Amino acid sequence: MKTQTKVMGGHVLLTVFTLCMLCSAVRAQLSPDIYAKSCPNLLQIVRDQVKIALKAEIRMAASLIRLHFHDCFVNGCDASVLLDGTNSEKLAIPNVNSVRGFEVIDTIKAAVENACPGVVSCADILTLAARDSVYLSGGPQWRVALGRKDGLVANQSSANNLPSPFEPLDAIIAKFAAVGLNVTDVVALSGAHTFGQAKCDLFSNRLFNFTGAGTPDSTLETTLLSDLQTVCPIGGNGNKTAPLDRNSTDAFDNNYFKNLLEGKGLLSSDQILFSSDLAVNTTKRLVEAYSRSQYLFFRDFTCSMIRMGSLVNGASGEVRTNCRVIN
């Protein structure tokens, strides 16, 4: 059979049949229709609230994707990243004063609870919000399998081991492999850096003294380097931000990969996908392919999001009333 796609208003809609053929199996306890009777308006409620959030701050789309990523990489997609407390994942080094969007999830949860009290998990709400953030920014849409439970504990130590923008490519690939994701997932999910912002603290090491020899990262395009040195001077405010993709700051597209071919990746972990020695036999060809075909990127990104969203720890857990605390 032929796979089918529809292009609608700039969005790519991949059919369920196509996704089933292209992506690895979703965990058995997850189903797109699990709330069809218990919360029939769930999808519309979440999308409406995400629209409101993006209208208030367009950057929130990228923030919700990142929040979902940081959740799924620690104990699976169980909304543990949303929990408050002394061992909160929010306080882990990669997350503190960095990961954002918690208030948006609170607002969505309140709207869902008003319609369907005690039915829908925070983990499912976060997964749907991430999907809608992509779609509403011009990216692909896909059916989200639902039925995740909310975790009962946070894991700050594991959150401290999230993939870092300062790590070499082999370390990043290994961390993805440790949770069951492959090299294609590394590149496709990195494509989420096609929108959003990054703080100077996350890339200023590339601008002046990258190797300890007093020189910048040689893979960084010179005009971009000069601009970034102005934005993030030595001794400057590390909390200032720069767009991850200057070509289309708030749009979900394949410009991120085109940037990498020109040495315009903002983070070291972005540019090494194309420019590092290890990339030659691992990630470089995918970067080149995605730069040529937005459809191919959208297809693989969708599959990677489905795989990542299927990282769950069995059926244990609960449906939290408040996403910040266990019941």
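Every residue gets a Cβ built from N, Cα and C, even glycine.
These numbers come from a predicted model, not from an experiment.
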Of the candidates T184, T194, T302, the one that Swiss-Prot places in the Ca(2+) 2 site of D245, S248, D253: T194
Swiss-Prot annotation, disulfide partner of C122 among C303, C323: C323
Those disulfide-bonded residues listed as C39, C72, C200, C232, C323, and which of them has the most Cβ atoms within 10 Å of its own Cβ: C72
Site of maximum Cβ density within 10 Å, from glycosylation sites N155, N247, N281: N155
For N182 (N-linked glycosylation site): intrachain residues, at least 6 apart, with Cβ closer than 8 Å: F176
Cα separation, N209 (N-linked glycosylation site) to N281 (N-linked glycosylation site) (Å, whole number): 28
Sequence-distant neighbours of N209 (N-linked glycosylation site) in its chain (C-beta under 8 A, six or more apart): T215, P216
Fewest-neighbour residue among disulfide-bonded residues, criterion Cβ within 10 Å, set C77, C116, C122: C116
In the chain carrying R66 (site 'Transition state stabilizer'), residues 6 or more apart in sequence that have Cβ under 8 angstroms from it: V99, G101, A192, G196
